[in-house]
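So that you can see what the record holds, here are the features copied from Swiss-Prot:
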type: DISULFID; residues: C34-C62; note: disulfide bond
type: DISULFID; residues: C41-C66; note: disulfide bond
type: DISULFID; residues: C49-C61; note: disulfide bond
type: DISULFID; residues: C55-C70; note: disulfide bond
type: DISULFID; residues: C81-C109; note: disulfide bond
type: DISULFID; residues: C88-C113; note: disulfide bond
type: DISULFID; residues: C96-C108; note: disulfide bond
type: DISULFID; residues: C102-C117; note: disulfide bond
type: DOMAIN; residues: 27-73; note: domain 'WAP 1'
type: DOMAIN; residues: 74-121; note: domain 'WAP 2'
type: SIGNAL; residues: 1-24; note: signal peptide
Amino acid sequence: MRIQSLLLLGALLAVGSQPPAAFGRKKGEKSGGCPPDDGPCLLSVPDQCMEDSQCPWTRKCCYKACFRQCVPRVSVKLGSCPEDQLRCLSPMNHLCHKDADCSGKKRCCPSACGRDCRDPARG
């Protein structure tokens with residue numbers, strides 16, 4: 001009887017010591033975000049993963065070239081990118097590729113002519 005009580009106590013302590021999932025994340029989802037999927041679509045390529053838990057350590061399961069694969073996760077800044085109502089007449093020119101390329105709270109956002117660093121939209 002005493003051994004069963006100790007096992008039950010140990011199990012409860014182990015479960016209670018697990019940190020809760022971060023707010024807004026699904027169970028098993030890793031922190032960080034996916035890099036932008038700017039690559040061309042490769043047809044008929046099977047997904048390499050379906051969820052983050054299938055990826056090693058610091059990698060996330062993200063869409064890249066139109067199929068899911070394990071890629072290095074990127075840091076995500078708060079706020080959303082403002083909408084761009086312009087149309088580009090020149091070739092695409094990316095001034096950044098991910099939020100970490102931008103200073104301070106600025107985010108790497110899609111614009112009419114490529115990606116550039118912008119202050120996040122308020123709201």
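Glycine is no exception: its Cβ is also placed from the backbone N, Cα and C atoms.
Nearest to C102 (disulfide bond) in space, judged by Cα atoms and limited to the disulfide-bonded residues C41, C61, C81, C108, C113, is C108. The subset of disulfide-bonded residues (C34, C66, C70, C81, C88) lying with their Cα within 10 Å of the Cα of C49 (disulfide bond) consists of C70, given in sequence order.
Applying DSSP to the domain 'WAP 2' (74-121) sorts its residues as follows: 3 helix, 13 strand, 32 coil. Residues in the domain 'WAP 1' (27-73) partition by DSSP class (helix H, G, I; strand E, B; coil) as 3 helix, 13 strand, 31 coil.
For C70 (disulfide bond), the disulfide-bonded residues whose C-alpha atoms fall inside a 10 Å radius of its own C-alpha are C61, C62, out of C61, C62, C81. When the disulfide-bonded residues C81, C102 are compared by the number of other C-beta atoms lying within 10 angstroms of their own C-beta, C81 comes out lowest. The distance from the Cα of C41 (disulfide bond) to the Cα of C81 (disulfide bond) comes to 24 Å. Its own atom aside, the Cβ of C88 (disulfide bond) has 12 Cβ atoms within 10 angstroms in the protein chains shown. Within the model, the domain 'WAP 2' (74-121) carries an average pLDDT of 87. The highest number of surrounding Cβ atoms within 10 Å, among the disulfide-bonded residues C55, C66, C117, is found at C55. Between the candidate disulfide-bonded residues, C34, C41, C70, C96, C108, the densest Cβ environment within 10 Å is the one around C108. Take the CB of C61 (disulfide bond) and look out to 10 A: across all protein chains shown you find 22 other CB atoms.
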